[in-house]
Amino acid sequence: MSSSTPEHVGAGEDQSTEQTGLLPDTEEPNRIPPPQKANPTRVVFLIALAVVVLGGGEVLIANPRIRLFESIICREYYDKHETSIVKGDGWLPEHLCKIEPVESSVALLMGWQDFFDSIPALFLAIPYGWLADKYGRKPVVTMAIVAFWVRSALIMLICYFWQTLPLKLIWATSAHALFGGGIPVASAMAYAMMSDVVSKDERASNFLRLAAASLFINFLLPPISAVLMKRNLWIPMLLGLSVQLISIPVAISVPETLDRSGSTQRSDVSIHLPSNSANDVEYTPPLRPRSRFDQVKASVGFLFHDWRIPPLILTYLVHNGVDFMTLYLSKRYKWSIANATFLTSVRSGITVLVFLLLIPALSTILVQRFAFGNLSKDLWLGRMSCISIVIGYAIFGFAPNIAMSIIGMIIFTLGNGHAQLIRSFTTNLVEKHHVARLYTIIGIFETASLMIGSPLLAGLFQEGSQLGGSWIGLPFYFISGLFVCVTGLLFIVGAWEPKNAKHIVTEPGCEEEQGQGEEDGPWDLEYRDHDLGTGDLVNSSEALRDLTLSTTPSQRPMLS
């Protein structure tokens, strides 16, 4: 009996007869039928709902949580230094907390929280990507969402028992990212699931709607949070936690979108040797063993095909410091954190206009009126964006009053598209089958930027607060200086076509097979072609998508 005979076939059925003929049926009876594809509309709706409720809950929580940190540190400070001021219920008026020791401690607490949050995201993003490709996206994204909700709840619990538990214990909540990889992985999985079920023609529009919904809640909810926190800090925090809780059953109800038939088909590619024997053997050519170092080396080799790629990737090490904006405004201008929260909404509104109107309009002008190509267009828009950031952050840090500070904020917000424009330009320098690796490496650099930048900017904020005067804007002077370097680099980099331009796809939706002789490295995830952004920011949603993808787990979950 052939070893390939299905178990349900009896011995008597295994014999050839005149009715059945001498040749066996060529159809494989044990082939697993392809799974039924999930309903695209349902998947997109549920993912969007999960993103909105999780991100919206965090928007409600974020700034009240900063004020709660400030209140606890302020109380601890006065308990040690001026006990006579502490009266009544023990909570001090907010204006008494706008002193250097308190604000510096809050900045350092938040900076190191971002550092610890980034560690699991940096090292677990690729392993969880592999798991998602093998076992499915849904378990990973659900695990990440549950873990993030637990993190939010634990931080509140630690703050509630601040007299018993040290506030720095919140750093331990960074361990939540061990389960699911954290919000960066959840964000990638959300887009991967959408890409699994929608066509390439519909992908950009769906990404745009999802990103627009995320930006809308960032515009709408901060004022609501500000109003509620003026009444009681715990109201918006508990409301946000309750809203986040809704994302868990929503994530559980999302159907699995990974098409495992692809792996089945790949396993069928083994070579069958023709034989007249009943004991047919299946032969699979041996794979050449490669060390992990060789795999990594082969994976990143494409970065050096064009000298412009490595320095462009290095620009993603520059941290923008927006997480310190609320604390800075509150400290410098003696504003309450609730009032400073309103400016967060203004910045989000300007960002929506930049990505939906300004960048598309400028792109159209450069392409249609001045006949710019994709490379030149992205490069010049990137240069202009970085110049806006240089000027805006310098004004924002130096501004002697809130009006000038708002002007500076508007100017640097006009440059918010720089990262997406540089990404789009760099994408045009690599071959299509290297895009996934490029984006993965950029993501690693962005996470490293958060790890390095948050504690560094917190230290500069502390130093500037101690020096006083205009030096309080030291973190933003530093950021402005870094973007001077980025701007200079963009003017050094030219917009000429790369040598391998004939192999590069510059239109979204076009496909190209991986080159012969190359093997997938550890950077290649199954959702490689879900990334757009090959140079067309007029119609592509990548700018909005990348804007909303979180690299700051503690501040911008999922797409918020």
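Including glycine, each Cβ sits where the backbone N, Cα and C put it.
Sequence annotations record features per position, and here TrEMBL assigns region 'Disordered' to 1-36, 532-560. Here TrEMBL flags 43-62, 140-163, 169-194, 206-228, 234-254, 312-329, 349-367, 402-426, 438-462, 474-496 as transmembrane segment. The compositional bias 'Polar residues' feature in TrEMBL is assigned to 537-560.
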For the transmembrane segment (474-496), sequence-distant contacts whose Cβ falls under 8 Å of one of its Cβ atoms, 6 or more beyond its ends: 308, 311-312, 315, 318-321, 324, 328, 373, 375-376, 379, 382-383, 386-387, 389-391, 393-394, 396-398, 418, 422, 425, 457, 460-461, 463-464, 467
Seg_contact(the transmembrane segment (43-62), the transmembrane segment (438-462)) with at least 3 CB pairs under 8 angstroms, min sep 6: no
Cβ-based contact of the transmembrane segment (349-367) with the transmembrane segment (402-426), 3 or more pairs under 8 Å: yes
Maximum Cβ pairs under 8 Å to the transmembrane segment (312-329) - stretch from the list 234-254, 402-426, 438-462: 438-462
